[in-house]
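Everything below concerns the one structure shown next.
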Amino acid sequence: MFARSPVLNQSGPTEFVFRVFTAVPEFQALLFVLFLLLYLMILCGNTAIIWAVCTHSSLRTPMYFFLSNLSFIEISYTTVVVPLLLSNIFGARKPISLAGCGAQMFFFLTLGGADCFLLAIMAYDRYVAICHPLHYTLIMTQKLCIQMVGCAVGLALYLSLQLTSLIFTLPFCGHRREINHFLCDVPPVLRLACADIRVHQAVLYVVSILVLTVPFILISVSYVFITMAILRIRSAEGRRRAFSTCSSHLTVVLLQYGFCALVYLRPQSSSSVDEDRQFALIYTFVTPLLNPLIYTLRNKDVKVALKKAISSKGTAEAL
């Protein structure tokens with residue numbers, strides 16, 4: 001993908017280095033421990049959801065199928081970023097090659113885009129479940145669920161490949177350039193190009209609208225119909241359960257789309273590099289961590305399945 005890039009004609013390979021969070025050793029150790037703990041919690045929490053869905057027949061429904069796929073994407077998403085982040089906290093900054101930076105950007109954009117599309121699919125699933133409960137099993141078939149997840153991943157792959165390929169045809173001046181970020185994200189890499197990037201920024205906005213704005217509009221429309229349907233439920237307990245199920249998903253949506261929009265949809269002239277890095281920490285660590293916490297703490301079925309799995313494993317070990 002990078003074979004025709006003009007930068008390869010320069011003397012020596014182009015490399016990037018990431019700006020450090022702090023040069024104070026005590027703070028470096030604190031950040032390393034904090035990020036490592038958050039990463040391990042993300043891995044454990046999302047793995048627990050996947051395990052519960054795969055091992056309990058009561059959770060083999062479209063809603064939990066999408067939730068397990070979301071958890072898998074969250075694990076992959078953070079794994080693309082966090083190990084490299086941890087390796088650059090201590091000691092001398094480790095350079096990343098042009099191809100390595102492009103690969104990280106590609107996978108980061110692909111998994112982030114698939115995450116956003118999957119959240120929109122989950123909103124549609126809740127819409128069908130609440131607004132058309134009698135036809136739910138007829139509409140949300142296993143085949144349709146697999147096709148929707150496949151389309152979400154395929155579209156994210158296509159858009160990220162086009163955007164990454166376009167960005168890495170730009171020339172980057174100098175042998176080693178500093179990225180004011182902890183990953184090869186699009187805005188900070190674009191700032192290092194020594195060429196006109198107006199076309200690339202325009203393409204970034206178009207892709208951001210397709211990945212963020214369009215799904216968010218679909219989610220908002222779905223929740224308008226969902227709210228109207230819930231308000232028509234006569235039972236107070238029924239309304240409470242319906243709102244509880246939807247509020248978990250809506251919380252994740254607002255965090256994910258909100259902070260991503262602040263990074264990718266703001267005009268570059270008004271954006272702060274340091275703010276972008278802070279916002280990126282939210283959707284790299286906080287959202288993937290909240291996903292399993294929200295869905296397990298607010299979801300009775302998942303909690304029961306996890307308790308059964310833990311108790312059965314403890315019984316088996318005791319025997």
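A Cβ is built for glycine as well, from the same backbone N, Cα and C atoms used for every other residue.
Any TrEMBL annotation is an automated prediction that lacks curation.
Small disclaimer: the values here were computed from a predicted structure and weren't measured.
What TrEMBL records for this protein:
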DOMAIN    45-295  domain 'G-protein coupled receptors family 1 profile'
TRANSMEM  29-52  transmembrane segment
TRANSMEM  64-86  transmembrane segment
TRANSMEM  106-124  transmembrane segment
TRANSMEM  144-161  transmembrane segment
TRANSMEM  202-231  transmembrane segment
TRANSMEM  243-265  transmembrane segment
TRANSMEM  277-297  transmembrane segment
Three or more CB pairs closer than 8 Å, sequence separation of 6 or more: does that hold for the transmembrane segment (243-265) against the transmembrane segment (106-124)?
yes
Near the transmembrane segment (64-86), which same-chain residues lie under 8 Å Cβ to Cβ, leaving out any that are not at least 6 residues past its ends?
18, 32, 35-36, 39, 42-43, 46-47, 49-50, 53-54, 96, 104, 107-108, 111-112, 114-115, 118-119, 121-122, 125, 142, 145, 149, 182-183, 284-285, 287-288, 291-292, 295, 301-302
